[in-house]
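Q: The following block contains the structure, expressed as structure tokens.
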Amino acid sequence: MAMNLPPLAGSGGAHTQPSLPALPAHLQSDTHLTAHLASRFHLSLPTAQLSSHALISLNTYTSSSKGPDGGKEGSAMAGAEEMAERAWLRLGHRSENQAVVFLGESGSGKSTLRSHLLASLLNKSSTPLSTKVSLAAYVFDTLTTTKTATTPTASKAGLFYELQYDTASTTNPVLIGGKLLDHRLERSRIADVPTGERNFHVLYYLLAGTSPAEKAHLGLEDSAVQQRRWKYLGHPTQLKVGINDAEGFQVFKNALKKLEFPRSEIAEICQILASVLHIGQLEFESSANTQVTGDDSGGFSHEGATVVTAAKNKDVLAIIAAFLGVNAQDLQNTLSYKTKMIHKERVTVMLDPNGARSHANELARTIYSLLVTYIIESINQRLCAADDAVANTISIIDFPGFEQQASTKSALDQLLNNSATEALYNLTLQNFFDRKADMLENEEVSVAATSYFDNSDAVRGLLKPGNGLLSILDDQSRRHRTDIQFLESMRKRFEGKNPAITAGSSTAKLPGSNFLTENSAPIFTVKHFAGEVDYQVKGLTEENGEVISGDLLNMINSTKSEFVARLFGQDALQTVTHPKERSTVMQATISSKPMRTPSVMSRKTARTARNQRVLQQKAAEEELEKLSENNSQAGGAAKAAASEQGASGQFLAALDNVTKAVADPSTNSYFVFCLKPNDRRIASQFDSKCVRTQVQTFGIAEISQRLRSADFSLFLPFGEFLGLADAETILMGSERERVEMVVEDKRWPSNEVRIGSTGVFVSERCWMEIAHLSEASLAHGRFGLPSDGGDGLTPHGASPADPFAASKERLLSTGNTPLMYGEKGKNGYFGANDGSDSRSEAGVSAFGGGDMFKNFDTREQMAERGNEKSLVEVEEYRDSASRKRWLFMVYLLTWFIPDFLIRFIGRMPRKDVRMAWREKLAINLIIWLSCLLAAFFIVVFPMLICPRQHVYSAAELSAYDGSSGSPGAYVSIRGYVFDLEKFAPRHYPPNLVSTEDILEYAGKDATSLFPVQVSALCQGRAGSIDPAVLIDYRSTNVTGSPTLISQQDINANFHDFRYFTNDTRKDWYFQQMAMLRANYLKGRIGYSPKYMKTLARNSRTIVSMNGRVFDLTEYVVGGRRTVGEDGKDISGVAEDSYDFMEPDVVTLFRQLSGADATRHWASLNLSEQAKTRMLTCLNNLFYVGDVDTRSSVRCKFAEYLVLAISIMLVTIIAFKFFAALQFGTKNMPENLDKFIMCQIPAYTEDEDSLRRAIDSAARMHYDDKRKLLVVICDGMIVGQGNDRSTPRIVLDILGVSETVDPEPLSFESLGEGLKQHNMGKVYSGLYEVQGHIVPFLVVVKVGKPSEVSRPGNRGKRDSQMVIMRFLNRVHYNLAMSPLELEMYHQIRNIIGVNPTFYEFMFQIDADTVVAPDSATRMVSAFLDDTRLIAVCGETALTNAKSSFITMIQVYEYWISHNLTKAFESLFGSVTCLPGCFSMYRIRAAETGKPLFVSREIVEAYATIRVDTLHMKNLLHLGEDRYLTTLLLKFHNKYKTKYIFRAHAWTIAPDSWAVFMSQRRRWINSTVHNLIELIPMAQLCGFCCFSMRFIVFVDLLSTVLQPVTMAYIVYLIVMVIRSPDVVPVTAFILIAAVFGLQAIIFILRRKWEMIGWMVLYILAIPVFSFGLPLYSFWYMDDFNWGNTRVVAGEKGKKIIVTDEGKFDPASIPRKKWEEYQGEIWEAQTVRDDARSEVSGFSYATKGHPGVQVGVSEYGGYSRPGSIAGGFSGAHAMPPLPMNTSRMSLAASEMGGNRASQFGGSQYFSPEDMVGLPSDDALLAEIREILRTADLMTVTKKGIKQELERRFGVPLDAKRAYINSATEALLSGQL
């Protein structure tokens, strides 16, 4: 049949033809079609059609609603509406499911056309639900769209939007629901915003649209914003790109309200969005965590602090914690650590700042993704109809456009996005080329083949289930394979098999190298339909896992926010629980597929005419129901499998749902090809090359060619066709013939109709024509139901201007331009239908206006609620009497501080913390008071005894003569000393006497220059004196030094204003003296009592009263005269004026000359008025100075008191010096045969430190067979800078294969609540290093399955307790925990030494290196003195020169050992044995009595309740010192010593923060431990020679260190001020201290110590002043944990904790004999177990043919590390899963062991024939042991010797031989 195409429409030319297939054949090439599109584009006709199947739309970047005439006709909007009309008609008239698939690059306008299509479809519905469905789409776009370089509204999540209809009753479908299915949100964008792009719009909306009050609540204040850049929002310019974010936020909130979200939930959503923004603001830094906890572990380098990552901006952290409802500290800890699964082991990685930043990004991505999922699921719950009510659906499919380059750094997002685009394009090709091929063939209709680009290879390669690329990626990720392994797997799968996928090389040659190395940037290439794309392999498998750390989830489990709990309780969060602890979440992933699947495509109809379609739809329904069940069934195997799927697997499953739903036979699909006219987003510019590339990419020319030959959209059976055609009038012929007549009559083109054998294939146009649904009906919407407001989503009279996708588009505009999915008027999102849906207002009425947080809790209240803990009671106790007394004293000292001030100002809500603060304050007050008393005693007390006198003797005054070298220029006037040097420049008048002349009087008595008017200064006996009376003055200085100035001095006349002169000024002298005393007084002339007596003997009348000295000599000898006004002597002056002094006073002075007359003055028979007058006269006329008491006895006592203190201190130092003088030859000790354990606790040290410590211990010159390395790994932690966990590092060093994986066993630990239950793994074997082969035992604390963060970590003290408790139970024969039984087994049966044989415990830290002879020297000391219980050696620094901080510590370390510890060692009581280098006696040599592991010590050291300040300082600050205290306390008959010849080297803190924290620990620990020691009466010695006295001195010196520094400063000041002999002597004594120290290191030839001593002296202010004050004040700086004490009834105290209550019965315990008995009953002892007497076993070496020893616990023991050895796993059959464990019930202990270890065989009675009897065997065994070397004999060797002697195989007797050997060796037989 000839193809008759319709003529070109109109007469306007080819460009008026909208349908591309209608163009002539010669115009069907890519170039011609592009030209055709260009011609239409330039006429404002941006659309074209591919028949009725597809719409081609070009983005004009201006308006999507403007046609050529300015109206809607011809616009993209009109094209979308026409397609909506077609879908609507097909849905209503044929009850078919409809699907509209959008294809196009980013920026091509897909989102805009989608919104037009959706608006048009919703406009057809009369149901009020349509508004909500529209709003749901807006909410989805707000959450998932962003601005990119190509478009301001780029979709970043795949959308499958399903509109649900009931089509049963009418041809007008009824909208009954909607379903949003989101596919793979681009989560990587949250924390990685590409340059020039934005994050998701909602975050900007929140920032711009909230009110000031809301911003304040959310922490988004403008003032704060101006000072910071929001890291998650990209460059600040992205906040101002023409998008109306504020308006968008209001629309978003209103949309949520209309969708019935409660007001509180909308507010919570905003809080979560704000928390996402704040997470981006978090800044991290590496800091030293100086806050002490019980979990601290490690060596000296860890003692001061643990290097952790902390948040810089705590305020931001607090906001996030408040909104998430968690504790801020917990949040910081969670972000600083990350728990991972590495090789089936759960480890916690200590993150550096970059790692913490990544972890915070993970939290932000998780929160945002869950929020989006929650909102979408909540919308679906409100909109989605029940499946059985849905007849048909219209589905809108819009996935993000193809990406040539990843916009974010996520290769996974790019791969999945492009895979989806590939699948949708393949779906398009199938629809046009292959969909009806089978039906055409069955109907015997032939269609000419059309060539086209088939992307099936790429689709199969990417999406094929099982072995497609995404499936391979998912499989490799699930199996924890590396990226290179994934690349190799992909190569094996696709190389030579699929041309679309090419795997790159995994190796590469570095420049300048000829050797292949691993490729650092491997790629694989996929040939997509849109071009080749290279994908980075690096990090792809890890990213595909999308693992959310269990730390985050466990933190969220404690949230107090119900909303956050709901977010994390969604099914979208797929958790992985521990197989043995289902309540423990190990990790989780967020689903990359929707929570729901497409609805079942069914139609409720009973029309018999459509039975065939009904059957087809039922088949489709069954298929999709199976698909739905497989993806949604809860709790079954399918869900378990899904939970193991990674992102690619989940996305693949979801994409498969989409493609099957669209490709279903009952679904009619439409396609929208969106094209960009140019790449630069320039309006009205058509780039032919750009468009032609897109036309070629989508194969539009091939599709058009196909439609020219076969444009079939429907298949109508003959009967249905004839019914539609009203062909009843044609009565003749068969149905086929009648159909042919109708077709011929219609004259349809051959490409639109074909007649088959049973029906007719027709195009949609033909169907509409025959169904009387004319094309005109599409334009007028005749078959739709118009709303009362027009289209329902467009305002009345709105301008048709509809921005397409430019910066003015919809919500991006600020004026009257339309919003995003509807106009800004009342009929936009909130159109005319709003009022008809009462449900949509349910959430609105409650919302109100203004601040959405108005009735919300404040951030502070949220934070307080987040800090609350759920507590349970764990213990009840009463305070001791001493504790009560102490608390009474505390309150007595701190009563003035009210409790509420500590609570609110100090922010200490917990009572126990407040009490500790009070205790700290009380202790500080006591210390400060002690310091003040010491300072008072040293400084003030001497001054009280001898107050400082400002007096100068005559000789001293003469020294101040102003000459060069003199201290100054002083002059005396009537007993007062003045500063002449200061006065001379101010002499008045200045020109009369020169300054040089004035200074000539320096050092002299200038009294003669100042004549006095007697009557003005003295009232005499009568109350007045005649002014003519004069009195002479003569110096009392009989030696003549200072010289008395003559009265005839040339300058004397200038000061003479007496009565007889022309210029009389009677008060001039008094005034001048007052002025001089006020301004220039330096002191007084001093007369010692001795000098006064000398003067008296020289006929001087000189007396002292009240410390003042008066000289009446001139008065007594008559040195008075009277001079009148004319200057001549006169007579007749009254006697009482001439003899103006009372005779009694004169007599008193004569009689007491040279003595003190104070007491006699009081008894004078004179009136008080007379005494007052006489005293005035004495002070003004006869005063010559003060009594000089500086040489008195009390003043000498005060001076020598300082000297006495110095002598006492130096005496103690001298004793220490003599104690340190230990000389002798350095002899090498002999070889010793004592068994020692060397314990090394490991925490987060690096491999180098651990290797140095382990190797140094292994290489010690001590018999390798008699030392055991015991390494305790404190938790599964990866330290900063490490690539493996610490246990893995240790095991790698020791040579333990990763295949060796013993099962964890329970044991008791030191912790709060349930943390007392811990689990550990035990490894053992031989370690070979530099010729040494040393047995080792490794205990790895792995924690219970419920522990997520830092599993197993309990601290260094707990690590010590693992061994101490084990040995305690061994020696006391107590029941042991499963871990201890395993340790016993490994030591006794694998290593071959009975644990009781070990006599000494050698403890070193993991950062300590010991000298080769250290253990030998220590053991020698123990052997020399059986009363020695513990020793320590000298510890030096390995990092001495790394910083100034370490340099100042070198000398201090050396001197603290060689002076302090050596001195204490004299008394046998070293009070601090450092845990980094000490050895302890485990049991007494003679009696075997436990010492170091005695019951008292173990119980005291294992104290768990550490809730007081004192106990925390003892057990958390200095556990090593406290352990020493316990040894001295409970074993007071034994001694502790310092061995100066044993050496070790450790690492010291090299930063101030860590150094200060370490010293805070040491100082406070010292104080509290010494307080523990002082009450002990057992300390050796007597009186001051006792250690108790030295302990007291040590305590006092520790407390008074600040005063020591102040004392030194005081001495310096004294020397500067008065360099006399006393303070100089004190300095000499102090210098002697360092001199003695210098003698020690000089005698020991430690010359380098000279330099270190200088640095130490410079740092004395730090050591003696700064550190003690800092330490004392921060004595309570602990992490107090969650255990606290509350008041109970009747004075009892109740301990509560949030860690739960520990039940000791949860850890089963058995004695070793019981356990071994059960083992022996079930199996025979293995061949290669050695006698414990031999002390050494080679069973673990794993030589060929030798079975490796295996733990009776079911786990393999560690095979030896000897080269050529083999793993025990290969020597043994695999253990069954039901192997008995000690962690099970006690009744299960020892069960199921008969054949699980390969050790025993079963023999029939026939096997026993001909064998020797047991008695014969016993006799021979006894004979063999009598002559054999017990150090080399083995049980296997005994069996072989017996077989040789008896000549028969003795396998059947193996059990008896082994048990008999054991019994003989142990003495039981």
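Here the Cβ of each residue, glycine as well, is placed from N, Cα and C on the backbone.
Heads up, here are the entries from Swiss-Prot:
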{"type": "COMPBIAS", "residues": "629-640", "note": "compositional bias 'Low complexity'"}
{"type": "DOMAIN", "residues": "949-1010", "note": "domain 'Cytochrome b5 heme-binding'"}
{"type": "CARBOHYD", "residues": "ASN123", "note": "N-linked glycosylation site"}
{"type": "CARBOHYD", "residues": "ASN417", "note": "N-linked glycosylation site"}
{"type": "CARBOHYD", "residues": "ASN426", "note": "N-linked glycosylation site"}
{"type": "CARBOHYD", "residues": "ASN557", "note": "N-linked glycosylation site"}
{"type": "CARBOHYD", "residues": "ASN630", "note": "N-linked glycosylation site"}
{"type": "CARBOHYD", "residues": "ASN657", "note": "N-linked glycosylation site"}
{"type": "CARBOHYD", "residues": "ASN1037", "note": "N-linked glycosylation site"}
{"type": "CARBOHYD", "residues": "ASN1062", "note": "N-linked glycosylation site"}
{"type": "CARBOHYD", "residues": "ASN1165", "note": "N-linked glycosylation site"}
{"type": "CARBOHYD", "residues": "ASN1458", "note": "N-linked glycosylation site"}
{"type": "CARBOHYD", "residues": "ASN1564", "note": "N-linked glycosylation site"}
{"type": "CARBOHYD", "residues": "ASN1778", "note": "N-linked glycosylation site"}
{"type": "REGION", "residues": "1-23", "note": "region 'Disordered'"}
{"type": "REGION", "residues": "593-612", "note": "region 'Disordered'"}
{"type": "REGION", "residues": "620-640", "note": "region 'Disordered'"}
Q: Taking only the glycosylation sites ASN1062, ASN1165, ASN1458, which one has a CA atom nearest to the CA atom of ASN557 (N-linked glycosylation site)?
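A: Nearest candidate: ASN1458.
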Q: Kindly assign ASN417 (N-linked glycosylation site) to one of the three DSSP-derived states: helix, strand or coil.
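A: It is helical.
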Q: Could you give the Cα-Cα distance between ASN426 (N-linked glycosylation site) and ASN123 (N-linked glycosylation site), in whole Å?
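A: Taking the Cα atoms only, ASN426 (N-linked glycosylation site) lies 31 Å from ASN123 (N-linked glycosylation site).
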Q: Between ASN123 (N-linked glycosylation site) and ASN417 (N-linked glycosylation site), what C-alpha distance do you get in Å?
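A: Their Cα atoms are separated by 31 Å.
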Q: Reduced to three states, what secondary structure does DSSP give ASN1165 (N-linked glycosylation site)?
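A: In the DSSP reduction, ASN1165 (N-linked glycosylation site) maps to coil.
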Q: By the count of other Cβ atoms within 10 Å, pick out the sparsest of the glycosylation sites ASN417, ASN426, ASN557, ASN1564.
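A: Selected from the glycosylation sites ASN417, ASN426, ASN557, ASN1564 on minimum Cβ neighbours within 10 Å: ASN557.
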Q: My understanding is the cutoff is Cβ-Cβ under 8 Å with a sequence separation of 6 or more in the same chain; which residues meet that for ASN1165 (N-linked glycosylation site)?
A: ASP1144
Q: For the domain 'Cytochrome b5 heme-binding' (949-1010), what's the model's average pLDDT?
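A: Mean model confidence (pLDDT) across the domain 'Cytochrome b5 heme-binding' (949-1010) is 86.
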Q: Enter the number of other CB atoms within 10 angstroms of the CB of ASN1062 (N-linked glycosylation site).
A: 7
Q: Quick one: pull the CA-CA distance for ASN1564 (N-linked glycosylation site) versus ASN1458 (N-linked glycosylation site), whole Å only.
A: 22
Q: Cα-Cα, whole number of Å: ASN417 (N-linked glycosylation site) versus ASN1458 (N-linked glycosylation site)?
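A: Counting only the Cα atoms, the answer is 71 Å.
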Q: Looking only at the domain 'Cytochrome b5 heme-binding' (949-1010), how are its residues distributed among DSSP helix, strand and coil?
A: 21 helix, 13 strand, 28 coil
Q: Could you tell me the C-alpha distance between ASN657 (N-linked glycosylation site) and ASN1062 (N-linked glycosylation site) in angstrom, no decimals?
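A: A Cα-Cα distance of 131 Å.
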Q: Would you mind reading off the Cα separation of ASN1458 (N-linked glycosylation site) from ASN1062 (N-linked glycosylation site), to the nearest angstrom?
A: 85
Q: Can you check which residue among the glycosylation sites ASN123, ASN657 has the largest number of Cβ atoms within 10 Å of its own?
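A: Answer returned by the neighbour count: ASN123.
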Q: Can you tell me whether DSSP puts ASN1564 (N-linked glycosylation site) in helix, strand or coil?
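A: Its secondary structure by DSSP: helix.
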Q: Near the Cβ of ASN1458 (N-linked glycosylation site), how many other Cβ atoms are there if near means within 10 Å?
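A: Its Cβ shell of radius 10 Å holds 25 other Cβ atoms.
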